[in-house]
Amino acid sequence: MATENGAVELGIQNPSTDKAPKGPTGERPLAAGKDPGPPDPKKAPDPPTLKKDAKAPASEKGDGTLAQPSTSSQGPKGEGDRGGGPAEGSAGPPAALPQQTATPETSVKKPKAEQGASGSQDPGKPRVGKKAAEGQAAARRGSPAFLHSPSCPAIISSSEKLLAKKPPSEASELTFEGVPMTHSPTDPRPAKAEEGKNILAESQKEVGEKTPGQAGQAKMQGDTSRGIEFQAVPSEKSEVGQALCLTAREEDCFQILDDCPPPPAPFPHRMVELRTGNVSSEFSMNSKEALGGGKFGAVCTCMEKATGLKLAAKVIKKQTPKDKEMVLLEIEVMNQLNHRNLIQLYAAIETPHEIVLFMEYIEGGELFERIVDEDYHLTEVDTMVFVRQICDGILFMHKMRVLHLDLKPENILCVNTTGHLVKIIDFGLARRYNPNEKLKVNFGTPEFLSPEVVNYDQISDKTDMWSMGVITYMLLSGLSPFLGDDDTETLNNVLSGNWYFDEETFEAVSDEAKDFVSNLIVKDQRARMNAAQCLAHPWLNNLAEKAKRCNRRLKSQILLKKYLMKRRWKKNFIAVSAANRFKKISSSGALMALGV
């Protein structure tokens, strides 16, 4: 936790809040020379979740603009190819559709796939009116909703594979409602449209099964015998921070190392407000199962009585008005962070003497604690997977104008004890960041502080990247590059900026990994890589190829075990010293009360 005894906190200068950037929009041009023409009345409208729109509007503020939408590993492969095939949105083969043939020669030379994509125009059939054409265009817009929290990529439907090249911000602003079509007198609809009723019903049923009703998803309703017109309407509720799901590259990353996809989060992202209430009436607290603790409070497990949901409860004592102010800032920050690699906030309750934050329970424990296990075979590819996820989470934070400012191994947790999904936790020291305003802080854990924090200089998003470099160095070697015998020596080592790659421990580490670290642990913050540059670095790419030839066990496991043992000893020493001081104070007070 950021609030552990190893942290240093001297002063805080709060920045002003800033609006989150807007996401880009993407376009998908139509094939040259192809006129889609009116839809065939026998052909069912394409489900909105399987289509893309070439003119989707830009996202509202607060939408996530970072990563490409996901391609899910769930479901059969054929569904991912339905976007451009000749049988798009139809249950029957394209050969059964009426074709327009000018001459026998052109009819023979035309491929079947081209005939199916040409719109199947027939001179003998009446053309569909403008309103119906607009309805079909609206139906091609992508589904704006994700089925769950960004923390749960495993349950993303396979029907969302076609969104892989479309930024998530484009899919967050509109929903689609199926309403009965009203035909104008000048638009005679063929009576044979009713024959496509069964096909349309099956198409709707298939989409309904794969994308259950959620706010912002495509809604199917109306009498199918009269046809359906899809209209784009504003989303019922816009979330701050668009959900992110696994991209194809990241999904491939998990398939390399894990037997199963990452598990889902227990609840969707939500906007939390601090409210007064009785904790014991809603939650069963388990103080015996402690997860952590520090200066500001303790963390334990709990269970929501109404749902049986297991959560982590962070209990903060209200000793001064500033304590509540800090908690409100933490809630505000976490409301922005809708990402699979960032812990999710569930509820916040205030009592007369304390504030309790209920958060997602992460059962895997600290990342470092897991990889030092003797049964765990840590390779450089494992390290790449962990580092890339951390950089993904940092990138989302920075796009939402949030700085963590206390990134360290204790704040990187594994979702479970078998997979490779990790999450960043503890936003108690996080700050809103405006690049146009100066922000200075002088708190954090000395071992992972950047030189600008130690010097109380202006900080930026590159401040978190220094800490990312130190964590990566430790994952690869098991050594802490600036750790001294005490905090003063550690801070002096940070200010000097002198560090090196130990020849023995980095013997099995690739040059790409060393280059990655060398571009993060840089004294001049302007020369450091940002999170986006980290994700584009060669070391964090082409993992499938590297996994085939990189299975050598890193030496960092043994050294990390020694590091963790030393850290535990230091924590126990501080705890015992504090208890002894308290005992002496209590004894002195008792003697004074007796007049001794």
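Glycine is no exception: its Cβ is also placed from the backbone N, Cα and C atoms.
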Quick one: which of 301-313, 340-352, 574-586 does Swiss-Prot have down as region 'Calmodulin-binding'?
574-586
Quick one: pull the CA-CA distance for D406 (active site, proton acceptor) versus T445 (phosphothreonine), whole Å only.
7
Validating a neighbour-count step here. Other CB atoms within 10 A of the CB of D406 (active site, proton acceptor): how many?
27
Over the domain 'Protein kinase' (285-540), work out the mean pLDDT and round it to an integer.
92
